[in-house]
Amino acid sequence: MGTAGKGKPAAAGGVALLVLAVWLLPTVARAQLRVGFYDTSCPNAEALVRQAVAAAFAKDAGIAAGLIRLHFHDCFVRGCDGSVLLTVNPGGGQTERDAAPNNPSLRGFEVIDAAKAAVEQSCPRTVSCADIVAFAARDSIALTGSVSYQVPAGRRDGRVSNASDALADLPPPTFTAKNLTDLFAAKNLSVEDMVVLSGAHTVGRSFCNSFVNRVWDQSATPPKAIVDAGLSASYAALLRALCPSNTTRETLITTAMDPGTPNVLDNNYYKLLPRGMGLFFSDNQLRVDSAMAALVSSFAANEALWKDKFAAAMVKMGRIQVQTGTCGEVRLNCGVVNPSSAAVEMVGSSAPAAGEGGVATS
């Protein structure tokens, strides 16, 4: 009896420590990301990524929007682990980049590959693809919006990529304000973060299929011209002239999401919303919700405020469910997971650079 009685507090203490350790997992993982992560192991890593992005941007300014979106789509599905880059799913089935929200619209993969090749030549088996995606997004924001910020690094690359996860975790253009709020909250992002990050729609293009149901009623025979709630009649007419009534996912016609300054990261997105020129149904939802509408008005009136908050929100988003330390791997090729023999070698060679005690939060 006496021995059992003394053992109970010890057991309870062990349980308490276990609960505390589990509760601290996200905090430990966040601590593993730090600015200047590669200062010793690969001092020119960020410069090499910046050069690859700048070279691609010089040929096609639209690539910047693609790289910003690539980071978002990576982080929202299984965390910021480079899983969106995988072309082969080791477990079989389609990968994230094959899923409808990403194919054929997601772009920038070749820029990531070019940056990875340059980094590998300089610092073999050191810099993760996930970090390269984060650096490339930051550099794209600098090129299009003259916004600069430091990127905490130390992410490791994941080994899983499922199309079904992309379908579940990426917000479609048909989402309501509540849908958006709930999805972002699940990623530990606030309503303000969501409205701020939505401002990225000020750059880039969209396929007709993402908004055709706002200007054509395709359920009618023949399809009937309509003007969705919150959409300017004149803007709807322009979109209708661009996108045929029989538009499908295979229709490869695109339009600028911000027709005024499509390659400039500015606050024009917020100015267009009150004019009924939010391209997606989900864009207009930012006007329907009063709290979101107040933020829209604030950012429309103050571009510097929005840019400051956008940089902070990008850093926050970049911490979603990261893998650090010895979790995951540092891929040799961003499109495929390492062979098991290489993965073992990579963990041993890159763990010191990644810091000690890193954990995954998912």
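Positions of Cβ are set from backbone N, Cα and C atoms, glycine also.
Whatever TrEMBL says is automated annotation, not expert-curated.
Annotation comment: TrEMBL describes 1-31 as signal peptide.
Among the features that TrEMBL reports, domain 'Plant heme peroxidase family profile' is placed at 32-338.
Here the Cβ of Cys123 (disulfide bond) has 17 other Cβ atoms within 10 Å, regardless of which shown protein chain they belong to. What TrEMBL records for Cys42-Cys123 (among others) is disulfide bond.
For Arg69, the entry in TrEMBL reads site 'Transition state stabilizer'. In sequence order, Leu106, Arg107, Gly108, Ala200, Gly204 are the residues of the chain that are 6 or more apart from Arg69 (site 'Transition state stabilizer') and have a CB within less than 8 Å of its CB.
A C-beta separation below 8 Å, combined with a sequence spacing of at least six in one chain, links His73 (active site, proton acceptor) to Val84, Glu96, Pro101, Asn102, Leu106, Ala166, Leu170. Residues or ranges marked as active site, proton acceptor in TrEMBL: His73.
Residues or ranges marked as Ca(2+) 1 binding site by TrEMBL: Asp74, Val77, Gly79, Asp81, Ser83, Glu96. The Cβ of Glu96 (Ca(2+) 1 binding site) has 29 neighbouring Cβ atoms from other residues within 10 Å, across all protein chains displayed.
If you look up TrEMBL, you'll see Cys75-Cys80 (among others) marked as disulfide bond.
Marked as disulfide bond by TrEMBL: Cys129-Cys334 (among others). Within 10 Å of the C-beta atom of Cys129 (disulfide bond) sit 30 other C-beta atoms, taking all shown protein chains into account.
Neighbour count (other Cβ atoms within 10 Å of the Cβ, all protein chains): 18 for Pro171 (substrate binding site). Sequence annotations record features per position, and here TrEMBL assigns substrate binding site to Pro171.
Here TrEMBL flags His201 as heme b binding site. Listed in sequence order, the residues of the same chain lying 6 or more apart from His201 (heme b binding site) and placing their CB within less than 8 Å of its CB are Met257, Asp258, Tyr269, Leu279, Phe280, Asp283.
Within its own chain, Thr202 (Ca(2+) 2 binding site) has Met257, Asp258, Thr261, Val264, Leu265, Asp266, Asn267, Asn268, Tyr269 as residues 6 or more apart in sequence whose C-beta sits under 8 angstroms from its own. Taken from TrEMBL, the feature Ca(2+) 2 binding site covers Thr202, Asp258, Thr261, Asp266.
For Cys208 (disulfide bond), the number of other Cβ atoms no farther than 10 Å from its own Cβ, over all displayed protein chains, is 21. According to TrEMBL, the feature disulfide bond maps to Cys208-Cys243 (among others).
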Other C-beta atoms that fall within 10 angstroms of the C-beta of Asp81 (Ca(2+) 1 binding site): 31
Local confidence of the prediction over the domain 'Plant heme peroxidase family profile' (32-338), expressed as mean pLDDT: 97
Neighbour tally for Cys42 (disulfide bond), based on other Cβ positions within 10 Å of its Cβ: 19
Listed in sequence order, residues not in Asp74, Val77, Gly79, Asp81, Ser83, Glu96 with Cβ within 8 Å of the centre of the Ca(2+) 1 site Cβ atoms: His73, Cys75, Phe76, Arg78, Cys80, Gly82, Val84, Gly158, Ser161, Asp165
Pro171 (substrate binding site) and Cys243 (disulfide bond), Cα-Cα, nearest whole angstrom: 22
